[in-house]
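Heads up: the structure comes next, in structure tokens.
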């Protein structure tokens, strides 16, 4: 092929001439840089390579990380994992070889990306999120993504989403907003974990989390300040109570002292809030995670106590009485998983009382079929969104739409095994979920999410809207 034939085939002369003319019209001070950027924009970006690797999450357990290559650059994503997996959530693929990371290796998921998913996606337009996600679902051919692994599929889905935003030259949160069909973006109220228990901490506290929500702040930046100050006041309160001794932190960064009762924990948090001076502007939320201490039809609140007497078993009716009492005595606005994950009846009844927001996590598992059932039966009134329980960005957007159409609240959530990826921050803003639950204002994998929200608020400038008092339905 001659030089002229090569130029003609790729229309190089025309493209270069257009770039030069554009530089002249713009009267740019750096025409070479302008021309280079102009030519780069003229190239239709496609996925050219997908490379996965095994990394460690915040607990030292393997997870999947992906580098997705396009003509615009390399886009990285990594996925979190929980302390357990539910029956109705997408399958996290692990090797099961006890000789490798005690059976937790994700080498199979990594291989599936490098050999199968990569081949299927090369040449696709990263802006077409729905098509990319559907291509992986079709390749997997199972209802719960057990063939390729939801951890493999989600890592690629998130990386593609980041690449799509870059191709459009918009922030990731804006790209997600566009994908969801929303006209507005909203900075969420952070639900900071301040006390940890349950499966997330090595203490005697059966309840999984007590959180604070700075709904009275005017901006996310102020909310973050209040959360940090309350957290450190709480640390001081616990130290004083323990005679100057500190305490451990849980997997999500929350403080984890030995606590004998839910009321004791709430009193500690109440005192910390009082010390900040933001009393009426900071509310409390609780993740009961009742499934973890449900034995048959009873709830054992002493399940983690070394000196358990067996006298602290509660029926579902007893639990409802307890919730009524604490919601009357403390500024509690939201309770997550107040009953066992299969106890639809009592969850529905408690929700009907209208005492506070009732969030479904273990009850729903971000599963569209269970969300649909809960909507039809009025079982709860808020969704805890865990993207890794679904497996793709597109499906996450769809389940949020279901919740919003039902006038539910939505809480975007982290997992106990987190990574340095801050995708859920952009997701929460783009989908205007109203609340984000990303752990304590402590530990890098948690603060990474909150710090990203600071950057988003700064980037949005005068257009930034903080959910604040409208945290339930950020419309």
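Glycine residues also receive a Cβ, built from the backbone N, Cα and C atoms like all the rest.
Taking a C-beta cut-off of under 8 angstroms and a sequence separation of 6 or more, residue 2 (N-acetylserine) has no same-chain neighbours. DSSP gives residue 2 (N-acetylserine) a coil state; it is part of no helix or strand. Positions annotated as N-acetylserine by Swiss-Prot, on the basis of a large-scale study or a structure entry: 2.
Secondary structure at residue 200 (substrate binding site), taken from DSSP and collapsed to helix, strand or coil, is helix. Long-range Cβ contacts of residue 200 (substrate binding site) within its own chain (separation 6+, distance under 8 Å): 83, 208, 209, 250, 251, 252, 254, 256, 416. Marked as substrate binding site by Swiss-Prot: 200, 209, 336, 361, 413, 414, 415, 416, 437.
For 252, the entry in Swiss-Prot reads active site, proton donor, with the evidence type similarity to another entry. Packing around residue 252 (active site, proton donor) is summarised by its Cβ count: 29 other Cβ atoms lie within 10 angstroms of its Cβ, all protein chains included.
Counting every protein chain shown, 27 other Cβ atoms lie within 10 Å of the Cβ of residue 336 (substrate binding site). Secondary structure from DSSP puts residue 336 (substrate binding site) in a beta strand. Taken from Swiss-Prot, the feature Mg(2+) binding site covers 287, 336, 361.
Same-chain residues at least 6 positions away in sequence with a Cβ under 8 Å from that of residue 386 (active site, proton acceptor) are, in sequence order, 82, 89, 361, 365, 366, 413, 415. Here Swiss-Prot flags 386 as active site, proton acceptor.
Taking the Cα atom of each, residue 437 (substrate binding site) and residue 287 (Mg(2+) binding site) are about 11 angstrom apart.
Listed in sequence order, 198, 207, 208, 209, 211, 336, 337, 359, 361 are the same-chain residues at least 6 apart in sequence whose CB falls under 8 Å from the CB of residue 287 (Mg(2+) binding site). Taking every pair among 200, 209, 336, 361, 413, 414, 415, 416, 437, the residues recorded as binding substrate, the greatest CA to CA distance is 16 Å. By a simple count of nearby Cβ atoms, those within 10 Å, the most crowded of the binding-site residues 415, 437 is 437.
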